[in-house]
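Notes follow once the structure below has been shown.
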């Protein structure tokens, strides 16, 4: 059955609107998992264990300190992704160089005129504006995003140049936190299938069981996602670019693992594990602003 372009466009719009609504629910879901985990770890199991004395108290102290430290970093990273603009094209932005041919063939003033058929510049037909390198249009947000990786419903935001580091830290701390909770509650989970009498009310026991299952599931799923993004950072590419270039053996922005890592996390080691950048890095590294990216001279003719 044939469908008109107008109908298809309307369906896509409905889908994008649904994603935006789903994102708000996802934030509540994340906070719900955090709440369940907090209740089972702190209030039900290891908080009361502080008063038991001996090894149990020492174990409880260690678990509670790690749990709260990781929780603070997880929530800090999470809301940094949610609240940080991923990167928008500045008003009246114009490319200084030919993106297809590199510095050897700079653009002249006449080519700055908006012309979608001009192959020497990247142009978004939906936003009716020029696009910087590595910029893509997000149908959910309805705008172009600098160095867009993907639109994430879990954070109700696009993941792009200005919040990609925060997103990676969110994955990292989520994996550590969920792994800690899983290991901490593992003895309690095993006890459910033994003949030993387990202290607690049916409600607290059910919460402990649910918390273990949820954290185990999140730890395994986030681990796979984290490994994928580590490989993308190592190659200095994004999810969209990895899909677009597919069989391209070499990538113009791949400057080596160390420099690739610094283009996402900066050069100041003190800031690598927190969702922030040093003023010095922001000043001297254009890649962190999402508009300019150093590339290999030998690959300036490579499309992107």
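Think of each number as a place in line: the chain as shown, counted from 1.
Backbone N, Cα and C atoms are what each Cβ position is placed from, and that goes for glycine too.
Remember, predicted model here, so these are calculated numbers, not experimental data.
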Correct range for transmembrane segment (source TrEMBL, candidates 21-41, 105-125): 21-41
Cβ-based contact of the transmembrane segment (212-235) with the transmembrane segment (61-84), 3 or more pairs under 8 Å: no
DSSP residue counts for the domain 'Palmitoyltransferase DHHC' (119-245), split into helix, strand and coil: 68 helix, 16 strand, 43 coil
